[in-house]
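J.: After the structure tokens below, expect a handful of questions from me.
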Amino acid sequence: MAFNITATIASFGGKLLKLTHKATSTNCEMALNLYLPPEAAKQGSKVPVLFYLSGLTCTGDNCAEKGFFQHGASQRGIAVVYPDTSPRGLKIEGEDDAYDFGSGAGFYVNATKEPWTKGYNMYTYITEELPNALFSSFDQLDSSRVGITGHSMGGHGALTLFLKNPGKYKSVSAFAPISNPINCPWGQKAFKGYFGEDQQEKWKEHDATELVKQWKGPLNVLIDVGTGDNFYKQGQLLPENFIKAAKEAGNDKNINLRMQPDYDHSYYFISTFADDHVAHAAKFLLA
């Protein structure tokens, strides 16, 4: 097995595994959580998989401990993968200087600007290396039924990875996603650092609002944003821009943006609507 199991925790009738493995794309050891529902313990069982991408500063532990995804996933027989948000300990100068760039802030892109190319390849890690390792190590995971969701920076990741890889993911949803990073301070800082200020076309390749303009085919997306979210108020999320672009491209018919009164950006918000997002994924993963 490619993974070391450092802990096994009973959760909602299933098992939450804390895993580590050596990753070549990120050039370091990566930690993650994998939730196996009760269904996965049955002989010969194959369960679909939902990837949950976390936001700035987070690890794979935050949502596994506070998101309550295991509740709905247990009931519906869906495995959940909680990866980390960046490489760790690469000793790149400046990687630990800010909460919104470097460690804990990989933005689910492959960096093209030195020195970040040395391991800041979270796009490859999430779309290729990690799933390949999981599917080769855990026979009970069904590689043909994979969905993706995420929060904030991870919501940006979920939307962009889905839109950049037609057919790879059967479902997509997001909590408070950074929906138009080229037009918000978080995204501009990250893309300037990972790609370079002069690489505007590259920026657009990792912006959901730009990508949705080119999307072909059905697009079923659930997006929740809290009206009490300070980052929404500060213009970091810009979900309206995503909806506007989708509408202009004729892709908005099955996008469900729910503005949730008073909810903030925290795991109180995520845990409240986690079951809804698992149910959304289940419509496509269990179809």
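Placed from the backbone N, Cα and C atoms, the Cβ positions cover glycine too.
All TrEMBL annotations are machine predictions without curation.
In case it helps, TrEMBL gives these features for our protein:
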ACT_SITE  SER152  active site, charge relay system
ACT_SITE  ASP229  active site, charge relay system
ACT_SITE  HIS265  active site, charge relay system
J.: Distance check, please: Cα of SER152 (active site, charge relay system) against Cα of HIS265 (active site, charge relay system), rounded to an integer number of angstrom.
T.: 8
J.: Roughly how many angstrom lie between the C-alpha atoms of HIS265 (active site, charge relay system) and ASP229 (active site, charge relay system)?
T.: 5
J.: Including all protein chains shown, what's the count of other C-beta atoms within 10 A of the C-beta of SER152 (active site, charge relay system)?
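T.: Excluding its own Cβ, SER152 (active site, charge relay system) sees 25 Cβ atoms within 10 Å.
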J.: Any same-chain residues 6+ apart from ASP229 (active site, charge relay system) with CB under 8 Å of its CB? Would you list them in sequence order, or say none?
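T.: Looking at Cβ-Cβ distances below 8 Å from ASP229 (active site, charge relay system), excluding near sequence neighbours, one finds ALA176, LEU237, TYR263, ASP264, HIS265, PHE269.
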